[in-house]
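The structure appears below as C-alpha cells.
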Amino acid sequence: MELEDIRRDYSLGGLRRADLPQAPIELFELWLKQAVEAKLTDPTAMTVATVDKKGQPFQRIVLLKHFDSTGFVFYTNLASRKAQHLEDNSKISLHFPWHPLERQVHITGTAEKLTALENMKYFTSRPKESQIAAWASKQSSRLTARAALEGKYLELKQQFSKGEIPVPKFWGGFRVKIDSIEFWQGGDSRLHDRFLYSKDQDKWVIDRLAP
C-alpha cells in the first residue's frame, strides 16, 4: 500500500494573533460551535491520552460532556484502564481533530475526580439504556464472549425495569484542569498556524509555534 502521495492542501484560512482572545476557552467555544454548525461527525469526540506505571502511553476516543474556565469534563468507569492510570498519574492530554475545518486543539493538564453530586446530575440525565450499560460493563476487563455482556445487560434491564437507576459507585467523571492549550489551523504550503496558551499563575501567556 503506497502512502507517500496521500496528501491535500490546506486552504480554509489562517489564524492570526489579532484573532486571539486573551482566554483560550473563548476560542475553544467558538471553534466547537463552528464544528457543530458544520455538522461534523461527533464534534465533541476527543482523544484522551494517559500513561501507565511503566510510562506506556494509551489513547482512546471519549466524548466531551462539559467545559468552562475550570476545565474539560468526561465520564468513565472508575475501574477502567484510563481511570486506573489517572489514579497513579493525573497528567493527561486531550486532542480534538476537526479535519474538515483543518483544525486541531491539543490540551494538557491534570485530571481531578468530580463530586458525587456532579456525577449524579449527569448520570440521571443519560438515557436509561446508557445507565444500564454503565452497570453492565466492567470496562477494560477481559470478556469470554460478547454474549456474556449482552446477557448481563438484559438481566439488569429487567432488574431496573421500574424506578430510577442508582449511580454505580464505580462510575464517575473527571475534570481536566488546563495547563496548556494549543490551537492549530491548516495553512497554505504547509505554513500552518499554531498558537499555544500556557498558564502562568492567574494569566495566560500566548506563543506562536513554528509549524
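Glycine residues also receive a Cβ, built from the backbone N, Cα and C atoms like all the rest.
Note that the structure is a prediction, hence the values are computed from the model and not measured.
Now, the feature entries from Swiss-Prot:
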- Arg7, Arg8, Asp9, Tyr10, Lys65, Tyr122, Arg126, Ser130, Arg190, Leu191, His192: substrate binding site (BINDING)
- 60-65, 75-76, 81-82, Gln104, 139-140, Trp184, Arg194: FMN binding site (BINDING)
*In the structure shown, which of the binding-site residues Gln104, Ser140 has the fewest Cβ neighbours within 10 Å?*
Ser140
*If H, G and I count as helix, E and B as strand, and all else as coil, what does DSSP give for Leu64 (FMN binding site)?*
coil
*If we check Cα distances from Arg7 (substrate binding site), which of the binding-site residues Arg60, Val62, Leu64, Arg81, Arg194 wins as closest?*
Arg194
*Count the Cβ atoms, other than its own, that fall within 10 Å of the Cβ of Arg126 (substrate binding site), considering every protein chain shown.*
15
*Looking at the binding-site residues Asp9, Arg126, Arg190, His192, which ones sit with their CA no more than 10 Å from the CA of Tyr75 (FMN binding site)?*
none
*May I ask you to report the DSSP-based helix, strand or coil state of Arg190 (substrate binding site)?*
helix
*Count the other Cβ atoms sitting within 10 Å of the Cβ of Arg81 (FMN binding site), across every protein chain shown.*
16
*Tally every other Cβ atom lying within 10 Å of the Cβ atom of Arg60 (FMN binding site).*
14
*Candidate binding-site residues Asp9, Arg126, Arg190, His192, pick with smallest Cα gap to Arg60 (FMN binding site)*: Arg126
*With H, G and I counted as helix, E and B as strand and the rest as coil, say where DSSP puts Ser140 (FMN binding site).*
coil
_Minimum Cα separation from Leu64 (FMN binding site), reported as the residue among binding-site residues Asp9, Arg126, His192 that achieves it_ = Arg126
